[in-house]
Amino acid sequence: MKKRFLSICTMTIAALATTTMVNTSYAKTDTESHNHSSLGTENKNVLDINSSSHNIKPSQNKSYPSVILPNNNRHQIFNTTQGHYDAVSFIYIPIHGGYMSGSGVVVGENEILTNKHVVNGAKGNPRNISVHPSAKNENDYPNGKFVGQEIIPYPGNSDLAILRVSPNEHNQHIGQVVKPATISSNTDTRINENITVTGYPGDKPLATMWESVGKVVYIGGEELRYDLSTVGGNSGSPVFNGKNQVIGIHYGGVDNKYNSSVYINDFVQQFLRNNIPDINIQ
């Protein structure tokens, strides 16, 4: 039985209001030129590609929006339940007979950090969103499934949202099943610092975790830029520093230039403290 795959693709930094969709199984694109989630769509420019009239399956022959840079150091994570990888989550939203997908990271007892443009794929109903922490592939979800309960968008322009999820069928909270990630206070984050972006890119087999390795190239306000490659589906991926602390949430990129995340500065940290009682910021 064929499935349709939708994914979010593009949001230009010059016009933060425009978000484009790409197909979910393979496209998780980033912001500035591309939004790197597989979810949601408001940009009509890509609708003819991703509309429900198209039956899109994962395939090496399909094209998808991406920001692949000269540094394309990406590798699959197989030990997804070990260390800081445990909190990295695959996000899935059924839509138009197919689905959209993105990435996120567990940061509290019930809370996931991801992008606004990812959760917007649920069309206002958080229960349409399912979260699979530590997913290995589409047939192996070692830490099960959690369903969205509430969406809390960041009040500023930055592409950041908290997704609060309900306990699972065993009445366990997501933060009990996996260890929530630690947030960096970012007091020591610097240009040329080594970082990784870990999530579920759409050009790889569905729901497989991949890590991109690179360096910080710019820090300003609520934006962090880096020289590593990402693809649609990476939207919402955590950006980790060398201590495996989250310093940003990936959202998009500019072709042939850089990829970007929401930088967790003092204002973002206060937003997290106000909405996540057990947030761990160090």
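Cβ from N, Cα, C; glycine included.
If you check Swiss-Prot, you get these features:
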- 1-27: signal peptide (SIGNAL)
- HIS117: active site, charge relay system (ACT_SITE)
- ASP159: active site, charge relay system (ACT_SITE)
- SER235: active site, charge relay system (ACT_SITE)
Rounded Cα-Cα span from ASP159 (active site, charge relay system) to HIS117 (active site, charge relay system), Å: 7
Local backbone state of SER235 (active site, charge relay system), from DSSP in three classes: coil
Inter-residue C-alpha distance, SER235 (active site, charge relay system) and ASP159 (active site, charge relay system) (nearest angstrom): 10
